[in-house]
Amino acid sequence: KKYVHFQPALVTHITHLFCSCADDATGFGPVFEEQPVDTIYPEEAPEARIVMTCQARANPPATYRWKLNNTDVDLSKPGSSYGLSGGNLIISNPVRSEHVGKYSCLATNMYGTVVSQEASVQFGYLDLFSPEERQAVHVKEGQGAVLLCAPPPHYPGELSFRWILNEFPTFIPLDKRRFVSQITGNLYISKVESSDRGNYSCFTSSPSISKSVFSKFIPLKPLAERSIRKYPADLSVKFPHSTALVGQDIILECFALGNPVPEIHWRRKGKILPHNHEVRMAGAQLFIPNVQFNDSGVYICEAANHKGKDSHHANVSVEAHPEWVEHIVNTEKDLFSEYTMSCIAKGVPKPQIRWLKNGEPLDGTELRFSRLTSDDAGMYQCRAENRHGVIYANAELRVFFGAPKFPRNHVRRVLAPKNGRVVIECKAKAAPKPTITWSKDTELLSNSSRMFIWEDGSLEILNVTPQDEGRYTCFAENDWGKANSTRPLVVTESTKITLAPSNADVHIGDNTWMECAASYDPMVDITFVWSLNGQEIDLDKDSTHYESTLNGSSNAKLLIKNAQLKHAGRYTCTAKTHVDNTSASAHLVVRGPPGAPGGVRIVDRSDKSVTLQWSRGADNHSPISKYTIQYRDEFLKDIWKNATTSPADVEGNAESAKVVDLFPWTEYEFRVTATNTLGTGEPSRPSSKEKTLESVPVVAPSDVGGGGGASRELTITWTPVQPQYYYGPNFGYIVAFKPHEEKQWNRVAVPGPEAKHYVHKDPNLAPMTQFEVKVKAFNRQGEGPYSLTTIIYSSQDAPSEPPVILEAKVLSATAASVSWMLLSENNTDGYQVKYWRPNEDSEGGALWVGVSGKENHTRLEGLKPSSDYMIEVRGYNSAGYGPPSNHIKIHTKKPPPDRPPKILDAKIKGGYVNVAWEPVVPLSNESLIENYKVLYKQKGMPTGTLYSTNKRFIELPLRTDGEYVVEVRAHTEGGDGAVAQISTQNYSKSLLSIIVQHVQELIYIF
């Protein structure tokens, strides 16, 4: 830096600019209160202007100018669309070709210039969809379909999508089967059904400019299939590799086509999913709010149905905006002093640091001033930038110079303790640094064995005596002038401890006192402070255990309540005045249960035992009498149990023990607790998890049984062994079986610990053959014991005869009954009755009902009117189905009219109500009217009185105990038609009013 010599004529002006004097204390450089933000201007906005905000607090007030793409905006140009309002930039009649770009605001006053953050102006638009007609999509029922949205040109890129079905505003509901990608806008249907037929339009919205448009309709035409095929899961929506910013929300999309509709599951490779994740849209979206760095990783979505599965994975990385770790602040430094400005920012990627002074760029990542001059004063900005954004830190640097000046009200006496130490400060504000000298009364002072002048000008006096009393003057002088300050020194009596606290020994939970007293000079006030092991006790914060009381002004007591182990240690009483302090200490011993043992580890292990070692914990002043060992295994999870040891009691001087009666090949962890006469202490940290060694299984499967199954099969079942009894890897079962009269056992190995049945197939196996069966477990070490032997029987044969249908009777348009002769075979568990329309349905798609083996008839519901049906019956049991009966054909009746009778009127006649209606005229494809059914019931009740009539009216008794309804419907051989309804409440009220009127007239006459 260059040395600057100031001419006297310039001193006043420069001082006004850079000297922090009392009359200049209110002046400061610009500090932003509002800065411009990114703005999207809708091209169809009704208000043809853009306002970019910029306001700075400054004294004197700031002036403003703006830059567009680092070029000054000319506000004075004739016809300019730019204008200023305060610091705000007004853009009138914005035009995309002229006004798009990055804007920054510069605020300036006499102390310097600062630059705002950059803010972009972009024009938002969402064009209309193409007017071209969309082609129809033909797809077979059961297959998946994708309807493409193809959104029109737009800005910004963020859009939301919904789909209209047939007409606005009917939006299709989203479920497991249908999904709309919020990235592409496409509509995905995993399995097309006949109900999906219709015209679809992509409804696209831009939240930024509040505009929506929709596409031409796309006809979707499902093609009917006689037999709907099944398709494996096929992922059609796959989330890409993506980068999220810390604090943002992220949505991953994944959707599959397939029949049946695939199930979608999410996971993260090598880690669990973030704790705050949400699975939305029936599994198609994984939502992670407030993303953090530990949410990064490879995410996997899996789609599966019983036909197959598909999976996809992609990486999610997390980055971050720049953020200040350390930044500059307003600073005042002395002329010619050294100073360093530095900024540290964090972010991913790592931000780059750049500097600005008064809006102009500087070189380097750190600013070092070896000798400050007035030219270095100004407004500085530190700028940190990565690809995700820019942040600024602003600070004003002032360079001070001037003659020495002492603070006001500086003259006050200094008290010093006799035989103690005192420091008299000399706080002269001056630049360059002044020369300091001291005097006592009229004597000039210099450094000696008792007096020292510090680097900052303070005077230190050691071993103070009464002769040191007097008036001390500090003289400060530099090139700009000089000044002095005088302070009287008064010597006081030193503070002394007269009663020191005493050592104490207590049990945990006891109370005890510490007492302390001191003498001191009457010119000062005294306070007592208590500390434990050098840390001051906060009596308010820890009032549960500490209470301090004063006995007069010179005696203090500390009550220690409900003492705990943490309260043991060195207690210090400090008697403090503002002149000096002194202290005394005592020790408190708290006896309690032992501390936790340390370093618990397994040093040896077998299949059923381990040997543990540990290090002794603190005995807390009471000898350890015994240790207790606890364990938890992979099956107990968070439950700790006391372990069995050998010997049973572990003495207090032991540091190892053998734990016995463990399960082989089981993962354990152990902890140790110590006990003394005062109780049991906290447990140790758990040991590392280790498995015991393998062993041969000793537990046999239970509930061995079986029987039944398909023809010529022997099914053997059992309850699997619990995992804690596996005792080793490669676990499975040995199944042994033989006919009851034979001696040779057949053995079969069934791998897998979860296996629970085995099926033996033999084409020569006679039905209902008696077998003896038993099962045992095995693992890599060998075989365990067999279960108890059980008697079971091989499967029976399926029924061999077809049933004979006795009658198939049509009951209505939608119902029929069928009956058959029971099979003479006693191995029939039930009957299956199948029915289908030969012209519309395939036999493979037939409907069926099951009937108990003791029943010989059933009712078929839900048939189509005016349709041919084929019916067959077959017997079945666990071995399978027998041969079908001969097919019998029926034809359902015509449906009843779908129109209700039209009720004409309801008239009151005496105590009756007469209800009349127009007849229903059936169409040619409807059943003829046989009569009319009339249901008369109280409103809200499920049942009432049912009448049948061939007339077009009916007379019903009038009820006055509530509201009644009359329901009328036509009855045909095809069933009952639609219902008409009328309430009798109004008519009963009319009758009542007539009766009341007649009574009143009679009363009047008489």
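Any Cβ shown, glycine's included, is placed from N, Cα and C.
Automatic, uncurated: that is what TrEMBL annotation is.
Quick look at what TrEMBL lists:
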- 30-122: domain 'Ig-like' (DOMAIN)
- 131-214: domain 'Ig-like' (DOMAIN)
- 232-317: domain 'Ig-like' (DOMAIN)
- 322-398: domain 'Ig-like' (DOMAIN)
- 404-492: domain 'Ig-like' (DOMAIN)
- 495-589: domain 'Ig-like' (DOMAIN)
- 596-695: domain 'Fibronectin type-III' (DOMAIN)
- 676-706: region 'Disordered' (REGION)
- 700-797: domain 'Fibronectin type-III' (DOMAIN)
- 802-895: domain 'Fibronectin type-III' (DOMAIN)
- 897-991: domain 'Fibronectin type-III' (DOMAIN)
Is the region 'Disordered' (676-706) packed against any residues at least 6 beyond its ends, judged by a Cβ distance under 8 Å, and which are they?
507-508, 591-598, 600-602, 605-610, 612, 614, 617, 619-620, 622-625, 628, 630, 632, 640, 652, 662-670, 714-722, 725-729, 731, 733, 757, 773-788, 790, 792
Applying the under-8 angstroms CB criterion, which one of 131-214, 404-492, 495-589, 802-895 scores highest with the domain 'Ig-like' (30-122)?
131-214
Mind pulling out the one from 131-214, 404-492, 802-895, 897-991 with the most Cβ pairs under 8 angstroms to the domain 'Ig-like' (322-398)?
404-492
The mean pLDDT across the domain 'Ig-like' (495-589) is 93
